[in-house]
């Protein structure tokens, strides 16, 4: 199925043969064969060829020079690198922040600026499909700025933007994709997006990084071998489409004829052979019409700037695979199956990783470079303030949670900052705007008249926000709680990866391994409740936070349920009030007793968002 | 409190004054954004501070429910609890008892109500209101007044009389507490829409002038006729002492604010600018802009190119705001920032104009820009004429009847 030509692993065109083999010999045999074939690959040649090409064809550079060459398994070992696009440097292992409708949830622009860990922002494009053409494509060109940066107001000097069609963290069931389109969600319903649409949106928007369309099933699992084959074929075909240089007239008004840096979402679902086959199709030298389509590229991978692994569709797919549990060994073997045949000098990105434990394992076992902060941002939504660091602090007693569920009434009078404890351990310094409130210098404070500004004493920083205050904001449904928590949680993730970067370089590998172990021993992992490793629901701060959040939402409420409970409450309160009034009369309270007020409730105009 | 009038408009009753409180100076006239439950919705105190705001309002009713007086006391007061280091004003809690609770009964002793959380019956007395406000620790605290439920009728007189009696109890409680040096008690003039009741109330409260730091005008903004509203404001502002700040409660529309300033008002508060922001409306010098409307979907301009707020300065387009309003909290934040700055700019420019002696010109240019497309509301013309500014002079903008509040309801409008 694979053969070598000019130092590259070449795959026999057409997947039918593989499928037949799979069907007749079973997945294990298929996988073994794939592995054997992949091992024939000549690492170094492939490496150099791909490196040369990546410099040639894209504006991205990924410098792996500081990874540890002493590692036996250097292809999958932990690594540190610098990713450079324009003048933006991203140190890896590192983070990218998630957005919803083009904004980092809960953060006004000044608070994005204040959160130094946010350098790379990932934008799911699907919310813009409610207009055709999508509004960002119409943004007037401002100098040399990519339109998507201008539209979303993320200065191209400060932020790197990547764009995918779908939100990688959204696992809701979707109508099936077809050979000609991907289904995506927007507020007006499901939209069909063809590869051609995607090209025509991304070329004018011109983000730093575009995820090519991939066929990642979000229909209920399990997925048949036939479905996986389709998924691989479509994903490869759609990748070829976005790598195709422009030919149509409509593209000529744009400065670029194709997106600058293309990342590919690794197809193959929960099947190692399928993942391996997809990787094979990337490095396969194309011939005939297919080759002409992507000229001057010889194979698809030459046009690929990075690899993306999506945890949400993968976890979904694993539910359909009876004998495989979604544990770290499974992820390791699946991701390695994807990467084995591919050059190692390209960034590897994981979406929707579930917390630091999983991230550490993926760095250690697969050499993953980048993680989005979906989990940490979700925790902020649910009132959980992260509190962990790497290397783990030395503590004596028991396992610690990764954060605090600040809905918990134990924080009502806790006037310590988020990462500070009431015992003697010195607080971990966190640089977020909740733990280290910044101070706007008087000179930068907006002045509204010539006589303003006397007695403004804002040059000294505020003390940190306390758990008690955040607890109050959460219970009163104040949006500020989530702003502070989002800034904090992203900052904790950024610091976590900085700690990892310090330990990976040369000669520190064994130390890194040891610190991972110590981290695992110090902190309780956030796991699924249906995992065998999970405890009961109340022991997980993330689940408890989500539950408390839902209760506050419900209490506050909107819609029919609220009106019903409101009605029931009003009836009982009316009765209670009658009793109350009689009591007052009996006690002979002066005046007013005849004037019981019945003023209608103010209309619920409190908050419309969230 | 240190209060000094520094400049006066040569035509209208408008004035600029310096008010120094325990947490710094605030220059008046000013608009106070409302941080109902210890936060301006969606913003951090540092953000509010960076917008040039030096005086915010907290609601006693809400803070008393959550986090509660005990927690506030343990934290060392609301300033420390919420991280706000500038000036703060708290209301008495009486207004919310009437507006939020269907089942409040007012007796001479206090306001009797059932807790919305526990259902247990509670009484808020004037003494209790003041001691809660002492625990909160705001720089300005308000007397508990009998808000009344109707703007007309016999209940208004009763409420007005009772408000004077309650003022005495509040003064008593405040003076015996030892908080007088750091916290300042304001009286609230009641009397509904009845000029003679207002007069009676003013007389009663002016007798107590030496024991109060300022005066508020209550009982308005309840949907009364605009023509009645401004006359009551004028009647009260004219009679209130020069050397005390005058606070119009619940006023937030730009035109109302400027009319009030011209009539001699120094302070105002309203949830309107921050609440309307959460519904997707940006306030501008040409009127409110409803960013939910389809006409903004492909509008790549900022809300207002002249606006110094972070949202406008950053270049956030109406199209982007249209995409996120009412879906993302970040949109509420962006518009809250803008609207707070808009209100502060309207008042700040008023201060500058009063100092420069050009306040009548400022009024004319503001109203021309704001109402040019629709015509001046009759009541604004009448109110400003009462203090010597004629909007219609040398103007081809017509006068129209009705309240005149501007709103963008639909794309068709």
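Placed from the backbone N, Cα and C atoms, the Cβ positions cover glycine too.
Curation does not apply to TrEMBL; its annotations are automatic.
For the substrate site, TrEMBL gives B:91, B:92, B:93, B:94, B:95, B:145, B:190; the one candidate out of B:214, B:219, B:222, B:223 that the record lists there too is B:219. The Zn(2+) site recorded in TrEMBL comprises B:307, B:309, B:312 together with one of B:134, B:174, B:285, B:338, namely B:338. Between the listed ranges B:243-249, B:250-256, B:257-263, B:264-270, TrEMBL ties the annotation region 'RNA binding' to B:250-256. Among the ranges B:274-278, B:279-283, B:289-293, the one that TrEMBL lists as region 'RNA binding' is B:274-278. In the structure as shown, the Cβ atom of residue B:190 (substrate binding site) sits within 10 Å of 31 other Cβ atoms. Looking at the region 'RNA binding' (B:274-278) alone, the prediction's average pLDDT is 96. When the C-beta distance to chain A is held to under 8 angstroms, the recorded positions B:93, B:95, B:190, B:269, B:309 reduce to B:309, listed in sequence order.
Using a 10 Å Cβ-Cβ cutoff, residue B:95 (substrate binding site) registers 21 neighbours. Put simply, residue B:219 (substrate binding site) is 13 Å from residue B:91 (active site, proton acceptor) when counted between their Cα atoms. Within its own chain, residue B:269 (active site, nucleophile) has B:31, B:32, B:33, B:34, B:57, B:89, B:247, B:249, B:250, B:251, B:252 as residues 6 or more apart in sequence whose C-beta sits under 8 angstroms from its own.
A sphere of 10 angstroms centred on the C-beta of residue B:93 (substrate binding site) encloses 22 other C-beta atoms. Cα spacing between residue B:94 (substrate binding site) and residue B:307 (Zn(2+) binding site): 36 Å, rounded to the nearest whole number. Of all Cβ atoms in the shown protein chains, 30 besides its own fall within 10 Å of the Cβ of residue B:92 (substrate binding site). Those residues noted as binding substrate (B:91, B:92, B:93, B:94, B:95, B:145, B:190, B:219) have their most widely separated CA atoms at a distance of 16 Å.
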